[in-house]
Each structure stands twice: as structure tokens, then as C-alpha cells.
Amino acid sequence: MDFISKLEKEIEELRQNLASKEQELLSIKHKMGTAEIHMDNQNGSSLEQTKALKVQFGETLPKWAIERYSRQILLPEIGVCGQEKLMQGRVLIVGAGGLGCPAAVYLAGAGVGEIGIIDYDTVDLTNIHRQFLHTEGDQNISKAESAANSLRSINSRIKVTPYNVQLDSKNALDIASKYDIILDCSDNVPTRYLLSDVSVLTKIPLISGSALKMEGQLTVYGYRADKNPSEKDTTYRGPCYRCVFPSPPPAESVGSCSANGVAGSVPGAIGALQSLEAIKYLVGQTKETLLVERLLLFDGEDMTFRTVKLRGRNLKCPICSDTPTITRLVDYEMFCNSSAQEKDLDLKILGPENRISATELADKLSEIDLEQRHLLVDVRSEPEFKMCSIDGAVNYPLDQMYRNFDDLLGEIRRCTSHVTFICRRGNDSQIAAKRVLEEIEENHRSKIKDLFGGLHAWSKNVDCNFPIY
Amino acid sequence: MTTLKIQLQFGGGAELLFDKIKKREVELPSLKKYFPESQKEKWTIKELLVWMKDNLLMERPELFVQGDSVRPGILVLINDADWELYGELSYEVQENDVIMFISTLHGG
């Protein structure tokens, strides 16, 4: 073990050394970069004088940029003019997660002049399966910083600004006003409404992506034709998020990647497409070719992409109409009745008489008595149950509980010992136990318990080999 | 009176309320037969939602309907277009219509 910790320490030191060397190289390259551009110009003029030959680099593109970005400059949709616009473009990415990472990579690769990336969170091991700007060595550091470091190593010619903050009504307008377009790569409802309102108030369009499980969605909100000289009707404005979704969904209907799961490639695909919409917007494409008033639906399960027609701007929208009732940012967590940060719920549904701690449960289980078999009812989903479970537990997933509710009640009635409900964190198990307590005869109620703190507590206090996920 | 064949589709998690089936062909009885009291001749989305709640919805109806409409966060699409463009609840359902219920995603 000593050898392992010694090696880990050495690796950590090498990493720090590497990071400082990379930083040094970056700053030298930055200085060289400006020098190189000067030399290009000088060479051009001296050639012109001596041989009457002039090398054309477009309007302003230096040699390095033509070489570096040639593969996209070749596209008529981008070209020299588009590349210049990209290099002057400023994109704000909100969320350095499953959507933000792929979006940021392609924008950095394309040479977008300035990328701001916001995330309040730190890198967790469970992020890395899809959030590929973060590596194993980045665990517990700021996701914004980690993403910015990776982006700088991809393209040292661009400016990358990490914002290690929770975006909220106080700081959002200040940050957003420094950018030309915003990418919503967030993971919660309050931030989505916040960003839409920011987009309307600052007149900066919003490219909104989302993903969960095997599905993704993408559209552009808050588009304004008056910012694009190529638009025929410069008065046109696209819908905002509130036009399409005036009221937030009930909090219990909203899924999350940590609770419901996500296939990494799904946000990968949607994030990549968000970057493409940003690039198209920056080079000046019009509403006909952008996802304005259209919603892209991606289903990875049967590999279908479909684009559906959305409603236009609501002329009575509370924020983006000509007579708005909302004129400044509000409290979005209150509006949505949910948190913008992933917090573990700590429900208290059952009284102490129906709860059992992990260590008490372990003691009870160790009293081996086959006649007095302890019934463990695990209410997590089937994939979770198959991933890891306590030996001997039976699986009755909460979301289908009523389908075989009678079987469960029968099993509980037959049990002469204790019945313990189990889930990941000890919330769903209380809901399940309560349903049973409401249904079952009084003489069975006292044997029904709920594992306090769920399997996380089990892992922490009883069996450290049980995975925390 | 004849029946009305349509396709219902679900996505973004809305299928979880409907036995996890994303696509299904359904045949609606004549409106008069299902709602003898109704003054209407033809099915609109409003009656369709009631029929779905009665016949297809497996659990937690409050996560699908709220009042006589769908709950906030579910987008209804009629033949790949936002139902708002067709009068929402008052749209008269046509033979072979594809009506889709998409729950909006928020993960990232």
C-alpha cells in the first residue's frame, strides 16, 4: 500500500508540474502568436515590393488561421468571411456537463474567439463517462476550471473564461452581456427559465439542448432578426421558452441523469448539434436554416431524428411580448418550486417507529434464523437492483408497485419477522412503506421499517464494498 | 357511426405513464357512443384526453392531465406540429392523425 500511495503522490506532482509547464507554453505561444501575425504582414508587404506579388489572406485571416481552420473554411457556408466572424464570436456555455463538454469542444476547435463556461459544481467520478473535458485527475476540482483547461489545450489561440459560480438572478445579466450567444447546457428547470429570461432581456439568442436516458431535444429560443443583416424581415422574433412553456412542470415529473440515467452519447450528440447551431448563427445564417420555431427530437432507442414545428412568439408572453409584465429577473427556484442545484432530498414521511438504521438492520440480519426470515423489499428500478443489492432482497420497483401490490402485501403478511423497505437514499423507500402501511391490517404494521439513509447509509456504515452511485 | 383510427405517440418520458409503449394505433368509438351527453359530432383533443385517461393511462393521472388539459411540460404535437397552431383542445381529430405527447427534457 505504501508503494501505491507513493506512486499516487508522484503522479500528482507530475500532473502539477505538467500543468504549470503547459501554462508556461501557452503564455509563450500567445506572445509568439501576435509576433507571427506581424511577420506574416511584413512578409506580404516585402514580397509585394520586391516581386510585385501579393499573397491574399482574405480580409484579415493570418496564415496560421487559414491553415488551422482550412477544413471548415472550405465550406461555402463558412468560408473566409464566416471564419472571421467565428474568431470574433463570443459564446457563453452554461453547464460544463454532458451537453457543455461536446458543445465547447467543437466551438474551441472551430476557433470561436471567446468561450465562457459556467458551472458551480466540482468533477465527480460519475461525470466522466460522458463529460469528457474532465479526466480522472480532475476529480473534486471546479468543472468550469477543468473544462477551461482542456479547452485551452485544444486551442491556445482562443480566450476561455471559466465561471465557477451558480448562475442566478444576481449575476446572470452581467455575465451574459459579454457574449453574442448563449448555450443552455444546464440540467434543471429553474436555470432553463432563468436563461430564457436572460436571453429576452439581453436580446441574446439561446440555443437550448437537453438530454435524458436515450432521448434528446434541441431548439433555438429568443432569436431576433434585427441582429442579422441577411434577414429579409428584420422585425421577426422567434419564441422564447416561456412562449412555448408558460408554466413550469410539477417538480416530481422532472427526471435527472443521476436518478434516471443517461447514455453518454445522447447528450454528446445534442451538445455537438448545439455547437453547430451556434456556429451557423455566428456566421450569419437566417431563421430559415436555424432551429427557430422548430424543435429537434432525437430518440437513440430507435435512432430517429425528427423536427417538429413549434408555435411562434406569443404576442401576450409575459416577458418577450411588446407589453411585458416581467421586466427583470425573478426568483426561478421559487417559480419552479425546485432547486437549481442537485440536492439530495431528505424526506421525513415516516415516524421514528417505522425507521431503522443501517447498523441496526445489519445486527438483525446477522441473527441467523431461517424460520424468522427478514424480508428486504428493495423499491429501486430493476436495472439498479441488478447493479447491486443486499443479499436476499426482493425487488418491487416503486413506479410499478401497484401492479403487483397484492403479491407484496401477501408476502408481508406471511413474514413473521421484520420487513424493511430499501432504496438508494431512503426517500422512495418511505413512500413505498407508507403505501403499504395505509393498506395493510394494523397487526402487521409494527414489523414494517424503512432503511434510514438507504443503501448510501448501508455502504457508509455497514458494508464499504457496496457501491455508492 | 364509424370509428376513428389514429396513432398516438409518446416521448421524453411521457410513455412511462402509458405502460412504456411509445407508439400505439388506437380506434376511437363514435363520439356519441362514448360521450352520449356530448353536443359535439366529432372528437376533439379535449375528449381524446379524457378517453386516454380512462382507457390507456396506467398510473399517476396528475402527471398527464391537469384540469381538462395536459399538465405543464407536456407538448402536444398534431402531425409533427405544435397543437397551439391547431387550436389546442378544440382541434377536431382526423382519421390517421398522428398525435404525439412529448414530455420536455431538462437533463444535461
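The backbone N, Cα and C atoms fix where each Cβ goes, glycine too.
The structure displayed is predicted, hence computed values, not measured ones.
In TrEMBL, the annotation coiled coil applies to A:4-31, one of the ranges A:4-31, A:32-59, A:340-367. Of the residues A:Gly89, A:Gly98, A:Gly216, TrEMBL puts just one in the ATP site with A:Asp119, A:Lys143, A:Asp187, A:Asn188: A:Gly98. Proximity to chain B, defined as a C-beta distance under 8 Å, is registered for the following binding-site residues out of A:Gly98, A:Asp119, A:Lys143, A:Asp187: A:Gly98, A:Asp187. Long-range contacts of the coiled coil (A:4-31) within its own chain (CB-CB distance under 8 A, at least 6 residues past either end) are made by residues 137, 149, 152-153, 156.
The record assigns A:Gly98, A:Asp119, A:Lys143, A:Asp187, A:Asn188 to the ATP site; their largest pairwise CA distance measures 17 Å. All protein chains included, A:Asn188 (ATP binding site) registers 22 other Cβ atoms within 10 Å of its own Cβ.
If you take the CA of A:Asp187 (ATP binding site) and look 10 A around it, the recorded positions you hit from A:Cys243, A:Cys257, A:Cys317, A:Cys320, A:Cys423 are A:Cys257.
For the domain 'Rhodanese' (A:370-467), the number of residues in each DSSP class (helix H, G, I; strand E, B; coil) is 50 helix, 14 strand, 34 coil. Taking the Cα of A:Gly98 (ATP binding site) as the reference point, the closest of the recorded positions A:Cys240, A:Cys243, A:Cys257, A:Cys317, A:Cys320 is A:Cys257.
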